[in-house]
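What follows is one structure encoded as structure tokens, with my remarks underneath.
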Amino acid sequence: MSSAPQTSPRTTSLPLASLAGMAFAKGHGTGNDFVLVADPDGARDIVPEQVAALCDRHRGIGADGLIRAVRSAALPEGRYLLASHPEAEWFMDYRNGDGSVSEMCGNGVRAFVHFLAEEGLVPLAEGQALTIGTRAGIKVVTRSANGYAVDMGPWEFIFPEAAAERALDSLVETDGLEVDRPALSVSMGNPHTVVALADEDELLSADLHRAPRVDPVPPQGTNVEFVVPAEPLVTDGVGHIRMRVHERGVGETLSCGTGACAAAAATRHWAGDEAVDDWQVRVPGGTVRVRFIPGPEGREHVELSGPAELVARGVLV
Ligand SMILES: N[C@@H](CCC[C@H](N)C(=O)O)C(=O)O
């Protein structure tokens with residue numbers, strides 16, 4: 001006797017079965033959203049398929065990425081950082097929505113520190129700073145009245161020789177835009193390719209359902225930012241740009257913190273004499289501030305400021 005095939009709603013969530021009972025929070029920074037999980041002792045091995053299933057907007061919780069809060073001592077990348085920065089007790093293990101690992105996430109780092117504070121894992125009053133570990137080194141995050149300011153460390157060109165010669169190093173082909181556009185590739189610990197567009201019409205015409213094609217593509221792949229400078233670019237000492245982004249491992253998102261830093265760095269580079277050190281970057285999900293500040297070791301650093309919110313807590317069934 002043959003039996004009818006068994007179907008059950010659990011079938012689609014099979015990758016998540018071993019995570020049943022796991023507590024999570026949902027948070028975001030300017031609409032760039034994350035599933036946040038506390039795993040102080042690094043006891044949870046969340047594999048890429050599970051990250052993708054959790055971030056699935058139809059069958060999972062839905063998010064641009066997953067952030068696991070782990071004590072630095074509990075994972076090799078964290079132990080490496082602890083040797084020179086014993087104060088970096090917590091490590092942000094960031095994964096993109098497709099399960100891939102990224103070195104850094106600027107909106108995520110604010111959401112991460114907010115999560116640590118709200119979960120009671122660290123005391124962090126307004127005006128206080130916390131050093132955390134990431135795959136792009138340590139980041140110092142200061143709580144303010146309306147969000148968090150992150151010392152993101154130095155930025156750099158990915159193709160320094162081409163950038164110095166021409167201020168442009170690659171071409172980007174994008175659906176919805178007729179001609180290939182020149183671009184500049186900037187590292188914020190993770191890779192970015194910044195394309196300047198002429199006006200808001202062009203910004204809206206870019207169809208980011210499919211990843212833009214970048215040539216040459218940086219060795220680790222890239223996030224692609226499309227920027228439109230305001231007219232005038234600088235008002236009262238502050239530069240203004242609008243930005244949309246297609247993120248590596250995610251797709252179009254409402255905001256990207258490291259992308260905003262890269263976009264400000266590229267625009268400032270292109271601005272030449274008009275360059276300022278203070279920028280407001282408007283993204284579909286809100287506005288973040290980017291400042292170029294002297295770093296403690298004598299190199300220029302980038303500071304990213306913006307909000308972070310938690311919107312829900314739950315448990316996987
Ligand atoms: N949204 C993030 C960046 C997340 C990582 C990125 N997709 C990558 O693969 O590098 C941000 O706010 O910086």
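Just so you know, glycine gets a Cβ as well, placed from its N, Cα and C.
These features come from TrEMBL:
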type     : residues                                                                     : note
BINDING  : Asn32, Asn96, Gly106, Asn107, Asn190, Asn223, Glu247, Arg248, Gly257, Thr258 : substrate binding site
ACT_SITE : Cys105                                                                       : active site, proton donor
ACT_SITE : Cys105                                                                       : active site
ACT_SITE : Cys256                                                                       : active site, proton acceptor
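With all protein chains in the displayed structure included, the most crowded Cβ environment within 10 Å among the binding-site residues Asn32, Asn190 is that of Asn32. Of all the active-site residues listed (Cys105, Cys256), Cys105 has the fewest other CB atoms within 10 A of its CB.
Neighbour count (other Cβ atoms within 10 Å of the Cβ, all protein chains): 28 for Glu247 (substrate binding site). Pairwise Cα distances among Asn32, Asn96, Gly106, Asn107, Asn190, Asn223, Glu247, Arg248, Gly257, Thr258, which the record gives as the binders of substrate, peak at 16 Å. Within 10 Å of the C-beta of Gly106 (substrate binding site) there are 28 other C-beta atoms, taking all protein chains into account. DSSP assigns Gly106 (substrate binding site) to a helical segment in the three-state reduction. Other C-beta atoms found within 10 angstroms of the C-beta of Gly257 (substrate binding site) number 28, with every protein chain shown included. Neighbouring residues of the recorded substrate site, listed in sequence order and excluding Asn32, Asn96, Gly106, Asn107, Asn190, Asn223, Glu247, Arg248, Gly257, Thr258, comprise Gly65, Ser102, Met104, Cys105, Gly108, Val245, Val250, Thr253, Cys256, Gly259 (Cβ within 8 Å of the Cβ centroid).
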